[in-house]
Structures are given as C-alpha cells and as structure tokens.
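A short worksheet on the structure shown next.
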Amino acid sequence: YLVLIQLFLGNSCRFIAKPCAINLGIQDSGPHRAQPNAILEKVFTSITKSPDGKRLEGLSKQLDWDVRKIQRWFRHRRNQDKPTTLTKFCESMWRFTFYLSIFFYGIRFLWTAPWFWDTRQCWYNYPFQPLTSRLYYYYILELAFYWSLMFSQFTDIKRKDFLIMFVHHLATIGLITFSYMNNMVRVGTLVLCLHDASDFLLEAAKLANYAKYQRLCDAFFMLFGVVFIVTRLGIYPFWILNTTLFESWELIGPYPSWWLFNGLLVTLQVLHVIWSYLIVRTASKALVRGKVSKDDRSDVESSSEEEDVTSNSTKGIFSTSSNGSNRLNGHVAGAQWTGE
C-alpha cells in the first residue's frame, strides 16, 4: 500500500495538480540562482551553509569580495535548493485529495457503526470483535500514508517543528500498528477520522496561498484553526480519551497493554496542545495585521534565519519554502504547515 500511495502521488502531481497549477498562473520558476564559484561552492557543500563572521572575513580576503556580497551568495545558494511554488502546489493538492477522500470514507463508514454513536461499544465483547474488509482497508491505507510521511521527513528541508513531527509520526504509527495487532480497531477508527477532519482544510489554505488568493487562504486557515481546536482540544480528550481511559477500565479492566496504549494517546494530546497554541498565536497576529502573516511552525530552514528582517516581515504564512521532495508529509509534503 505504501508503494501504491507513492504511485498515486506521482501520477496525481503529473496529470492533475500540475495542469491545475499552470491554469492558475503558477509558474515552474525557481529562485534566483547563485553565480558559479568553486571556492564558495566547496565551503557550502563541505563545511557550512551559513558561515560565521570570521569565515566570511577570510572568504572576503581570499576572493576580494565584499562581505555582504558573500552573504548574498550563500542566501541565494540556500534558496536555490528550495522547491518551487509549482512543486509545493502539487504536493499540497495530492495531500488535500488524500485527506479529503479518507475523511469522507471514514465518516461514511463510521456513520453506520454502533461505536460511533456509543463509544462503550468499542469495548463490548473485546477482543472478539470482527474485522470487516472496509475497516481493514481504512486502517491499512492510513498506516501506509503515515509511513510515507515518516520516510519523506528525512529527505525534506528541515523545519522548526521537525522533532515534534517526528514524535507525532512515531506515536501515530505506533498507535495504528498497536491497535491493529490488539484488535482495538473500533476506537482506532474514531481517532483516525477525528484527526483527518481538519487536515484537508489546511491543505486547501496552502493551495489558495500558492494561487495568490489571499482572502480565501485566510478564510480556510481560520476555519482550519477552529476545527483543529474543537476536535483536538474538545472532542478528542472528552470523547476519545474518556473511552480509552475510563470506559475501557470499567468494562474490561486494566488489560496488559492499557498503559502503553493510553500513553501514546496522551502523547498525541500534548502535541495537540502545542500546535493549538501556535495556531492561536498565528491567528491573533492575523487579526491585528489584517491577514495571516507568518507561520510559527514554518519550515524555514534554520540556515536562512539571518536573512533581512525587512524581507521576513513581508512573507505570508505559506510564503517560505517547504519541503521539496515528496513529501508528503506532509505530514506531510510541501508547504509550511504540515499538519499531522
């Protein structure tokens, strides 16, 4: 299934997302390329991508260049490795398609499931609960998707929330695998569907941003923030954690894997709190400035953070480069937000 997802990614980007991007006027033009220089290129690839003051002075004397000219060269060289807007648009579109499709598949499947309306049904007759084919495919597709995010994270440009996303992917893959092996798939489907509820809205906001529809981007982002906070800080703890921590204890007792299973679920909740804080902070700035201005979870590479403050102040929430390759996961993944 992991291979199928990657094939879907390649074909959707090539035959669907790219034509859409071109029709919207998104060009496949990359950033300004640094002029060829063997000495600076050697330093960039072998020593450091962000030389300190002492090294800059040495290079300035060696090349007879002004220090600011050398700083500009390194900035251009770093930006040169970043993905184009077209690449990020294609990656976001495929993620948007997957998130939206899997969310509605989950809702359609769970709407007729008794445990969707009564969470205590997750534990009745446990562990002797049948595994239907629809439930199996739902689980396996989600697992393959998050494995693809895990692998792609190490090939993408390193982002500020790299560690948080790494922990998130580990916890998610661990939960899906663990719950499947222990036949806790009923409560597992609730967790999966709940997490998919907001992700496609984030990708929609990024798509609008790349197409330069700022108002639509802001509207989608605000809607994403509301749905994210309601589902992750409201429904998740009072619906999911309530049944895994208390109802399961009441109905089947402290089974051997209870502590590990709930430990992983609580880890996700901690990440939800962190991300909700960042979303609220970004939304607050947007209300003051009139638009979403900068993403605190931005995947701007750390090597470029010394760039001019003036330049940074004009960037939008999704304007900095995101991952370049697959990515996704992008969690997905091309733009700055990747949600889970």
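Cβ coordinates are placed from backbone N, Cα and C, and glycine is handled just like the others.
What TrEMBL records for 42-85 is DNA-binding region. As annotated by TrEMBL, compositional bias 'Polar residues' applies to 314-328. Residues or ranges marked as domain 'Homeobox' by TrEMBL: 40-84. The annotation domain 'TLC' is assigned in TrEMBL to 87-288. Sequence annotations record features per position, and here TrEMBL assigns region 'Disordered' to 296-340. The transmembrane segment annotation in TrEMBL covers 96-116, 136-155, 162-181, 220-239, 259-280.
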Going by DSSP, how much of the domain 'Homeobox' (40-84) is helix, how much is strand and how much is coil, in residues?
32 helix, 0 strand, 13 coil
At an 8 Å Cβ cut-off, counting only pairs 6 or more apart in sequence, do the transmembrane segment (162-181) and the transmembrane segment (259-280) clear the bar of 3 or more pairs?
yes
Remote residues contacting the transmembrane segment (96-116) - C-beta distance under 8 A, at least 6 residues beyond either end
5, 8, 12, 122, 134-135, 138, 141-142, 145, 186-187, 189-190, 192-193, 196-197, 199-200, 203-204, 207
Overall pLDDT of the domain 'Homeobox' (40-84), taken as the mean:
81
